[in-house]
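Annotated features, as they stand in TrEMBL:
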- ASP102: active site, proton acceptor (ACT_SITE)
- ASP11, VAL12, GLY13, ASN14, SER15, GLY16, THR17, LYS18, SER125: ATP binding site (BINDING)
- TYR93, GLY100, GLN101, ASP102, ARG103, THR177: substrate binding site (BINDING)
- ASP122: K(+) binding site (BINDING)
Amino acid sequence: MSSPSRNLVVDVGNSGTKAAAFTDGEMMLPVARVKSGDWSAIDGMVTNLGVQNIIYSTVANVPSQRWTDKWKKAGLGVYSLDRTLPLPFQSDYQTMDTLGQDRIAVVAGTVGRMHTARLIVDAGSCVTSDLVDRNDRYLGGNISPGVTMRLRSMHEHTARLPLIETGTATDLVGRSTGQALLHGGQLGVVYEIEGLFGRLLTVHRDLQLVLTGGDAPLLLPYFSIDVLSYPNLVLLGLNQILSTYVNKHV
Ligand SMILES: Nc1ncnc2c1ncn2[C@@H]1O[C@H](COP(=O)(O)OP(=O)(O)O)[C@@H](O)[C@H]1O
Ligand SMILES: CC(C)(COP(=O)(O)O)[C@@H](O)C(=O)NCCC(=O)O
Ligand SMILES: [K+]
């Protein structure tokens with residue numbers, strides 16, 4: 001019997017690096033979260049989890065050659081989500097070279113899993129909203145500030161607004177400064193997404209909202225529309241791209 005194929009999949013975001021192993025396509029939980037730039041922690045996973053391939057997407061730092069050489073020497077296939085790997089979708093984005101690798105991964109992560117148009121929202125440091133039609137064509141998307149960024153910037157760019165933590169919003173409007181900030185900063189993201197979704201729905205009648213990212217659990221309770229929640233869609237998409245490539249070429 002052949003030994004299981006195991007990949008290490010790494011998503012370097014602006015708030016943190018998320019990593020998980022996949023054995024024969026199944027994600028091994030829990031997902032590890034380390035500081036962005038801590039490639040030594042990723043190297044520890046490579047050693048401890050006995051992986052054959054590693055893929056990373058990054059919107060921040062990349063591993064130095066010291067790490068990639070070490071992994072190659074140990075016999076791993078080392079892949080980054082750059083132009084060398086074939087993507088499972090066509091795209092209308094005019095600047096594919098600068099399109100965030102995390103955005104590419106979430107779009108890929110829905111291919112084969114969904115057969116309707118979808119708006120994929122990744123709520124992290126920034127909120128990205130990416131539109132894919134029912135034929136898996138990527139039509140484009142938007143970037144706006146994430147929840148933490150909104151709360152922090154209101155504090156940093158005013159004289160009187162405190163820095164508040166994210167939390168539970170109890171009403172549609174706030175009755176204190178803290179609530180007003182929370183409702184504007186956190187629920188405001190939900191209203192923004194619902195507004196865009198409603199406009200797009202007039203063209204894409206089968207549109208489905210997909211939600212992922214570190215702040216997805218904070219936002220999920222407040223939607224008035226149906227939401228498909230994929231907690232680790234960047235990682236799923238990366239593993240899909242890697243597995244397809246490795247099965248064909250290696
Ligand atoms: N363990 C955690 N460490 C840091 N942020 C977390 C954690 N769990 C949830 N979060 C939330 O996730 C958000 C970042 O989401 P994430 O998808 O990781 O962002 P990015 O892809 O930009 O790194 C933070 O703003 C924070 O509110
Ligand atoms: C928009 C982003 C900052 C989101 O990153 P994140 O919030 O997940 O850390 C990232 O996808 C990025 O740097 N994009 C480059 C520009 C583009 O996508 O066109
Ligand atoms: K994001």
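Sequential numbering from 1, following the chain as shown.
Each Cβ is built from the backbone N, Cα and C atoms, and glycine gets one as well.
Sequence features, as recorded in TrEMBL, placed on the structure.
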| residue | record | CB count, 10 Å |
| --- | --- | --- |
| ASP11 | ATP binding site | 29 |
| SER15 | ATP binding site | 18 |
| THR17 | ATP binding site | 22 |
| TYR93 | substrate binding site | 16 |
| GLY100 | substrate binding site | 21 |
| ASP102 | active site, proton acceptor | 29 |
| ARG103 | substrate binding site | 22 |
| ASP122 | K(+) binding site | 29 |
| SER125 | ATP binding site | 20 |
| THR177 | substrate binding site | 12 |
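Put simply, GLY100 (substrate binding site) is 15 Å from THR17 (ATP binding site) when counted between their Cα atoms. Taking ASP11, GLY13, TYR93, GLN101 as the candidate binding-site residues, the subset whose CB lies under 6 angstroms from any atom of ligand 2 consists of GLY13. Ligand 1 lies under 6 Å from the Cβ of GLY13, SER15, out of the binding-site residues GLY13, SER15, GLY100, GLN101, ARG103, THR177. Taking only the Cα positions, the spacing between GLN101 (substrate binding site) and ASP11 (ATP binding site) is 9 angstrom. The Cα of THR177 (substrate binding site) lies closest to that of SER15, out of the recorded positions ASP11, SER15, ASP102.
SER125 (ATP binding site) sits 22 Å from TYR93 (substrate binding site), taking the Cα positions as reference.
Cα distances from ASP11 (ATP binding site) to the recorded positions TYR93, ASP102, ARG103 are smallest for ASP102. Within 10 Å of ASP102 (active site, proton acceptor), counting C-alpha to C-alpha distances, fall the following of the binding-site residues GLY13, SER15, TYR93, ASP122: GLY13, ASP122. If you take the C-beta of GLY13 (ATP binding site) and look for same-chain residues 6 or more apart in sequence within under 8 angstroms, you find SER36, VAL59, ALA60, ASP102, GLY124, SER125, GLY214, VAL234.
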